[in-house]
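Per Swiss-Prot, the feature signal peptide maps to 1-19. Annotated region 'Framework-1' per Swiss-Prot: 20-49, in sequence order. Per Swiss-Prot, domain 'Ig-like' is recorded for 31-117, and the stated evidence type is sequence analysis. For CYS41-CYS115, the entry in Swiss-Prot reads disulfide bond. Among the features that Swiss-Prot reports, region 'Complementarity-determining-1' is placed at 50-54. Residues or ranges marked as region 'Framework-2' by Swiss-Prot: 55-68. Under the heading region 'Complementarity-determining-2', Swiss-Prot lists 69-85. The region 'Framework-3' annotation in Swiss-Prot covers 86-117.
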Amino acid sequence: MGWSWIFLFLLSGTAGVHCQIQLQQSGPELVKPGASVKISCKASGYTFTDYYINWVKQRPGQGLEWIGWIYPGSGNTKYNEKFKGKATLTVDTSSSTAYMQLSSLTSEDSAVYFCAR
């Protein structure tokens, strides 16, 4: 039996009208089932520690699912119960970057993932 793969596509967005505010995510990932992946979301144009970063999932043909948020100022997190044990949210304030690690990947994790302020 050949390998199967999981494709993760990453997008970012931000609320507000200030065009200088940006959230830049890492690129698409192709990973094996059972593996883990850590994706990044680098912020610029605002004070990183002052705003929550939310993570959202969208599977093909389905609606948006909120995964959780992290507050960079304190590192506090809140997760959707469905994603506890699946997603781990962290930040590196020195580089204004938020991270989401997804573990024990399955075909159900093949989706578009968004970070949003």
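Cβ from N, Cα, C; glycine included.
When the disulfide-bonded residues CYS41, CYS115 are compared by the number of other C-beta atoms lying within 10 angstroms of their own C-beta, CYS41 comes out lowest. Secondary structure of the region 'Complementarity-determining-2' (69-85) per DSSP (helix as H, G, I; strand as E, B; remaining residues coil): 3 helix, 8 strand, 6 coil. Over the region 'Framework-3' (86-117), the average per-residue pLDDT in this prediction is 95. Under DSSP, residues within the region 'Complementarity-determining-1' (50-54) fall into helix, strand and coil as 1 helix, 2 strand, 2 coil.
Residues of the region 'Framework-2' (55-68) grouped by DSSP class, helix first, strand second and coil last, total 0 helix, 9 strand, 5 coil.
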